[in-house]
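> So TrEMBL lists the following for this protein:
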type   : residues : note
DOMAIN : 13-184   : domain '3-hydroxyacyl-CoA dehydrogenase NAD binding'
DOMAIN : 190-246  : domain '3-hydroxyacyl-CoA dehydrogenase C-terminal'
Ligand SMILES: NC(=O)c1ccc[n+]([C@@H]2O[C@H](COP(=O)([O-])OP(=O)(O)OC[C@H]3O[C@@H](n4cnc5c(N)ncnc54)[C@H](O)[C@@H]3O)[C@@H](O)[C@H]2O)c1
């Protein structure tokens, strides 16, 4: 019999790993007004986490702090056993190394209460692999965020086909903290978002390899064009609006598929590897010439402004 998990909103969460993603989750759950315990085996990560939360605070305040939200409610520990005592929901964000994650899940499931839900932030692994050495494995799912989790609302839940109760409870919990939840019907490496990003990046490499445009120009062509529409609705919704006669939509799609087959995308054999050094150098020297700070500020304020505008618009649309 699969375990029963509480449907209610948990008041506390354990974040495993205090890197970019673990700290981003801690910021998100703190904003939602929860008690957050962060575990990292490296003591120096505490100072880094404190700095991360301090830097994230203006964005968190702009997004809106829950009445009970407080940095005081974020605790750090280097003891996994202490972190997991009485845990209800665990968000694992350790390095993306499969063997290490499998061993860590074995440890986590040995210490955590049996009814604790354990979600991995993994960027592409399958839950069925992460569970392979775990105790009571049907409580382990993928809860994949986008960086940074306090700013980008999407979380992809995968692996639920063998952990339906945990996936359902996790979906309810993430939603209660303000996440936008997407559940995969079955597992696939990379899930949805990262597969789409990988396809786009491959095409960027291809366009770049052909000398069509520099990387800053390609970025602008995406941000000011398709991405602006994608922030409002997905590509299938956008394409549906591309035909004047919706009843002839199949013919419109046939045209798009002909473009794919006719060479609008790099072929399967295209290998971006030889371009890595040139690509990285151009990003560092051109797009990133001012360092990361100005880009981080622009991303944070831009995403917050878009989220707020879209929330207002969706509410107005729903009540119209
Ligand atoms: N960076 C991204 O954009 C992104 C986005 C989505 C998901 N992810 C996934 O999130 C996870 C974490 O990525 P990151 O970018 O935060 O990595 P990171 O390297 O920034 O941080 C990893 C942290 O884990 C700690 N750690 C090492 N061994 C550990 C252990 N045994 N137990 C607990 N903590 C341990 C490290 O000390 C470090 O603080 C990965 O699975 C990654 O694929 C990353």
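The first residue you see is number 1, and the count goes up from there.
Backbone N, Cα and C atoms are what each Cβ position is placed from, and that goes for glycine too.
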> Roughly where does the domain '3-hydroxyacyl-CoA dehydrogenase NAD binding' (13-184) sit in mean pLDDT, to the nearest integer?
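Result for the domain '3-hydroxyacyl-CoA dehydrogenase NAD binding' (13-184): average pLDDT 97.
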> Do you know the DSSP helix, strand and coil residue counts for the domain '3-hydroxyacyl-CoA dehydrogenase C-terminal' (190-246)?
38 helix, 0 strand, 19 coil
